[in-house]
Amino acid sequence: MLHYTRLGRNMGLGDAYVKKVFDSVATKYDMMNDVLSLGIHRIWKKHFVEDCVCPLPGSKFLDVAGGTGDIAFRITDSIRARGQSFGIVPKTLDGTKVVVCDINAMMLKEGQKRAEREGYMDIDWVCASGEELPFEDGAFDSYTVSFGIRNFSDRPKALREAFRVLKVGGALHVLEFSRVTCPLLSVPYELWSYGFMPQAGRMLADEESYRYLVDSIRAFPDQETFAQMIRDAGFGYVRYENLTGGIACIHTGVKTTPTPITPTTSSDIPAQNTSEATCEVKPEPNSA
């Protein structure tokens, strides 16, 4: 699921080592996420897909760094449910396209196995870098990336690629770990991340791999910094929403023009500090 070669260079690790890290967790990645987050990641992802992405039949979806297919499956399920409510046959995705793009072939293989096992036969799987997407300009209505963008070495380039492949009116949706904003959670989260998670990782797969993942979380920009990066890539209507006291965050931006708009430096819309809030997009405030 992760862009291991470039991330490895950033952290001073060899490509072979970092590839080994993510290959080692590929078969247990989803299960380990359940154990290490106590299942909370499922609540975040449900809110992310159903309330923020809001998939509609007939749309084109690209999920980047989504090798095991979790978000793509949720998008597919949501489309089928919405299609049924509109009187569309729910077993087909006629006119809808869901594409998973990932640079890690083993993650993709695990996703394809699950797709075959659970009947998700309408999903396309593409092995490619999020920084060099093999898709035409304006090909998608929605670009999602869940717990993956922190591992891109050139995030500005990845965001520009997201802008390029989206249609005008298309939306960028990013779900990622972030900076804790609730003081009461800071110390417990630190103990959880650097105490329990690596030890649990050692029992389920290997400690080194999950210590590596925790370090990548710490290295990711804070909410405001990343929101500005999205603006700098040309997106409008940029906003973010903190989940569980800022442990995770949903970032949203809209491609409002064919070419990138001039970035603003205005402060973002205040984050909503509840995972139950919806992701209704509102205009950014004017710059001071």
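Note that Cβ sites are derived from N, Cα and C of the backbone, with glycine treated the same way.
Feature annotation from Swiss-Prot assigns S-adenosyl-L-methionine binding site to Thr68, Asp102, Ser146; the stated evidence is sequence analysis. Every protein chain considered, the tally of other Cβ atoms within 10 Å of the Cβ of Ser146 (S-adenosyl-L-methionine binding site) stands at 25.
Taken from Swiss-Prot, the feature region 'Disordered' covers 260-288.
Under the heading compositional bias 'Low complexity', Swiss-Prot lists 260-270.
Feature annotation from Swiss-Prot assigns compositional bias 'Basic and acidic residues' to 279-288.
There are 26 other Cβ atoms within 10 Å of the Cβ belonging to Thr68 (S-adenosyl-L-methionine binding site). Neighbour density for Asp102 (S-adenosyl-L-methionine binding site): within 10 A of its CB lie 26 other CB atoms from the protein chains shown.
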